[in-house]
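These come from Swiss-Prot:
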| type | residues | note |
| --- | --- | --- |
| BINDING | Gly85, 88-89, Thr93, 95-98, 113-121, Ala125 | 5-phospho-alpha-D-ribose 1-diphosphate binding site |
| BINDING | Gly85, Asn116 | anthranilate 1 binding site |
| BINDING | Ser97, Glu234 | Mg(2+) 1 binding site |
| BINDING | Arg171 | anthranilate 2 binding site |
| BINDING | Asp233, Glu234 | Mg(2+) 2 binding site |
Amino acid sequence: MTVSADFTPLLHKAALGRPLDSHEAETAFHAIMAGEVDPVQLAAFLTALKLRGETFAELTGAVQAVRHHMTVLPDVPAGAIDVCGTGGDGLKTLNVSTAVAFVLAGLGVPVAKHGNRALSSASGATDVLEVLGIPPTDDLELQGRRLREDGLVFLAAPQHHPAMRHAAPVRKALGFRTLFNLLGPLCNPAQVRHQLIGVFDGRWCEPVARALGALGSLSVWVVHGSTEEGGSDELTLAGPSQVSAWQDETLFSFRIEPDMAGLAAAPISAIRGGDAQTNAAALLALLDGAGGAYRDTVLLNAAAALHVAGRGDIVKAGVIDVPAFRRNVGMAADSIDRGLARAALEAARMSAHSIAPKDAGRS
């Protein structure tokens with residue numbers, strides 16, 4: 001291993017409890033992504049940041065470094081959106097953002113969904129998509145074709161962030177959330193400028209929205225839901241959700257209640273998930289018209305995503321426009337009830353098998 005000479009003084013600074021500026025954080029994470037940091041040093045660095053509390057500048061610098069090392073998907077349609085969460089909330093729910101992606105695609109919104117295998121849930125996006133017959137691929141040409149022709153592509157994190165492997169063993173050994181848990185949603189390989197992102201801790205809503213705005217995003221919602229079992233990285237029916245939004249170069253925050261969308265409250269246990277097969281079956285049932293809390297949770301998040309994508313403005317001067325919000329819920333419901341979302345899934349499945357992915361068997 002070639003050890004970075006630039007990293008050690010930054011480790012010392014972090015160990016003293018002093019914050020790094022964005023340039024220093026970018027330098028540190030460049031070294032990490034290049035595999036030039038000793039595992040013991042990396043563990044000490046991440047722990048020091050965690051204990052002191054990571055800052056906005058450190059987040060921004062880390063994002064710039066990770067984006068520099070990622071494999072970018074070129075020629076992405078204007079207006080493409082990502083809907084994803086950080087994971088790490090420990091609630092083990094059904095796959096909400098994956099279902100939202102099909103709902104949006106059914107309405108003609110181009111979706112470049114960034115995802116991974118299960119972290120805190122029983123089944124991550126990649127796990128359930130494989131069961132649905134939509135395996136990941138590292139073929140950029142095929143990914144681009146899926147997005148251009150189907151309006152939907154799923155981008156598995158390992159295929160686009162190979163440099164993350166240098167940090168993976170240390171992150172696993174540490175066993176607690178670090179700054180890395182936030183970086184995936186902020187580093188979409190399609191470089192989308194519209195995003196609905198869920199975070200595991202509400203304190204990150206505003207910094208993440210502000211960071212994405214500073215890095216060129218046009219429209220962003222960063223959300224954190226409340227439940228009877230703790231916070232959620234999605235908008236929930238179980239309680240109020242915190243939102244920080246970046247739009248028109250302005251940052252503002254507000255709360256959303258389920259009844260604003262015309263939806264009934266429900267406990268988080270109503271959307272408890274299982275393994276990949278269980279979650280895939282629930283998603284198919286949802287797209288085939290099944291009702292209940294899972295459908296309503298998907299509608300709530302899809303309505304927000306439609307706003308972020310510019311398909312139905314539901315915020316006026318930083319305040320939720322309730323009738324407009326409910327119209328967006330209606331649009332999302334229409335995608336399901338008219339079979340548009342299910343058709344989007346079938347198109348994605350057909351595209352996945354029109355050319356056999358090079359890495360379909362990779363775990």
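The backbone N, Cα and C atoms fix where each Cβ goes, and this holds for glycine too.
Annotation for Ser97 (5-phospho-alpha-D-ribose 1-diphosphate binding site): same-chain Cβ neighbours under 8 Å, separated by at least 6 residues, are Val83, Cys84, Gly85, Lys113, Gly115, Ala125, Leu196, Gly198, Glu234, Asn301.
Arg117 (5-phospho-alpha-D-ribose 1-diphosphate binding site) carries neither a helix nor a strand DSSP state and counts as coil. Classification of Asp233 (Mg(2+) 2 binding site) by DSSP places it in coil, neither helical nor stranded. All protein chains shown were included, and the count of other CB atoms within 10 Å of the CB of Gly85 (5-phospho-alpha-D-ribose 1-diphosphate binding site) stands at 28. In this structure, the CA atom of Asp233 (Mg(2+) 2 binding site) is 10 Å away from the CA atom of Thr93 (5-phospho-alpha-D-ribose 1-diphosphate binding site). Counted within 10 Å of its Cβ, the other Cβ atoms near Arg117 (5-phospho-alpha-D-ribose 1-diphosphate binding site) come to 19, all protein chains included.
Ranking the binding-site residues Thr93, Asn116 by how many Cβ atoms sit within 10 Å of each one's Cβ puts Thr93 at the top. Between the alpha carbons (Cα) of Arg171 (anthranilate 2 binding site) and Arg117 (5-phospho-alpha-D-ribose 1-diphosphate binding site) lies a span of roughly 15 Å.
Cα of Asn116 (anthranilate 1 binding site) to Cα of Thr93 (5-phospho-alpha-D-ribose 1-diphosphate binding site): a distance of 15 Å. Counting every protein chain shown, the number of other Cβ atoms lying within 10 Å of the Cβ of His114 (5-phospho-alpha-D-ribose 1-diphosphate binding site) is 26.
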